[in-house]
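Peer 1: Handing you this structure, nothing more for now.
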Amino acid sequence: MFLHSLHLQHFRNYRDQTVQFQAPKTILLGENAQGKTNLLEAVELFSTLRSHRVSRDRDLVQTGAESALLTAVVERDSGEQQLQIQLQQQGRRRVQRDGEVLRRQLDLLGSLCSVQFSSLDLDLVRGGPQQRRVWLDRLLIQLQPIYAHLQQQYGRVLRQRNALLRRAESLDLALLAPLNWQLAQLGVHIMRRRSRAIQRLVPLAAHWHREISGQREQLIVAYQPSVLAPDDTDEAIAWQERMLAQIEARRAAELGQRTSLVGPHRDDLNLSINGTEARLQASQGQQRTLVLSLKLAELELIEAVLGEPPLLLLDDVLAELDLRRQQQLLEAIANRFQTLITTTHLSAFDQSWVETAQILTVQSGHLQSEAVPMAPSSASLHKSLDS
């Protein structure tokens, strides 16, 4: 897939800006707080319907405006599509594809896929379980758009159940029974999908980690569900029964803490290098290698599932990588994936890489083109992939 253009109206610090992407690699050059990351955030919204920076749509709408309008033109193997998201200061979003208003915004998922890599991704290693769950969920939303619907349903049941648990003194336990069943049913659907995604991701990430570490390190990524699958199987009914039994066993603790303690909202991932938990003992260099390996594995997995390469969004990440890791990343992506990369300077880039990139200078929400190589088609991206 290839993103040909973005039109941003009253989005963040962009009042009315059209961006034409005309090369496999686009460098967004500018000082901090000029709008480089905002542009990547717009692409992220089309990919996941979420921002990793804020949770409220009104925070994305330019100050003084009632709404923001984002329009993307994307070329897929099946043809060109126009995607549109309207964000409101007050009220619900509205999404369109090729001029048709979509009844459910989730139906836009899968139209434009991307992998984002920023300095914040180091929290995958050193942060808490929530950071790792969010990363895995964002991947799954693009691999299986139905996953976003499962998450919504699970979140609704979880909130209802927690509201009851907060009334512990006067709670009629019979009210929990139907919610327990729904939580187990939806929770197992989520855990099965997470487990299968990790199974496919692990060999790809392990390969990249060996390559980047010069064959010196072995990466192991282990999914740690809140409820273990019975007898090394992910058969749904047996897993649900085990989750219900665990909920019953934790009833006293849940009533005491007034919150749900069992389910995929308590999952984690264990990341280890050469048998040692990375969060505890990995050096900064090893942590960066690990995250870079996961991101390259994400790219390959999305491409394998969708049959088309996703976009790669690099948000000022080269500053976090030493020269060797930078070179490995740039060699890995080459012209294989359309790449948007933000930076404050060009000195970190190989000159030949800069010469083939489109360079856009970003200043206070305005873009100016510095270099404009010929735009490739989606088919030519596939051709470079096969060569």
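Cβ coordinates come from backbone N, Cα and C, glycine included.
According to Swiss-Prot, the record shows the following:
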| type | residues | note |
| --- | --- | --- |
| BINDING | G30, E31, N32, A33, Q34, G35, K36, T37 | ATP binding site |
Peer 1: May I have the list of same-chain residues other than G30, E31, N32, A33, Q34, G35, K36, T37 whose Cβ is within 8 Å of the Cβ centroid of the recorded ATP site, in sequence order?
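Peer 2: Other same-chain residues near the ATP site: T342, T344, V362.
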Peer 1: Which residues of the same chain, at least 6 positions away in sequence, have a Cβ lying under 8 Å from the Cβ of N32 (ATP binding site)?
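Peer 2: Non-local contacts for N32 (ATP binding site): T344.
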Peer 1: Of all the binding-site residues given, G30, A33, K36, T37, which residue's CB has the most CB neighbours within 10 A?
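Peer 2: Sorting the candidates by Cβ neighbours within 10 Å, the top entry is K36.
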Peer 1: For Q34 (ATP binding site), what residues in its own chain, 6 or more apart in sequence, show a Cβ-Cβ distance under 8 Å?
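Peer 2: Long-range Cβ contacts: N13, V362, Q363, S364, G365.
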Peer 1: Please give me the CB contact count at 10 A for G35 (ATP binding site), counting all chains in the structure.
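Peer 2: Result for G35 (ATP binding site): 23 other Cβ atoms within 10 Å.
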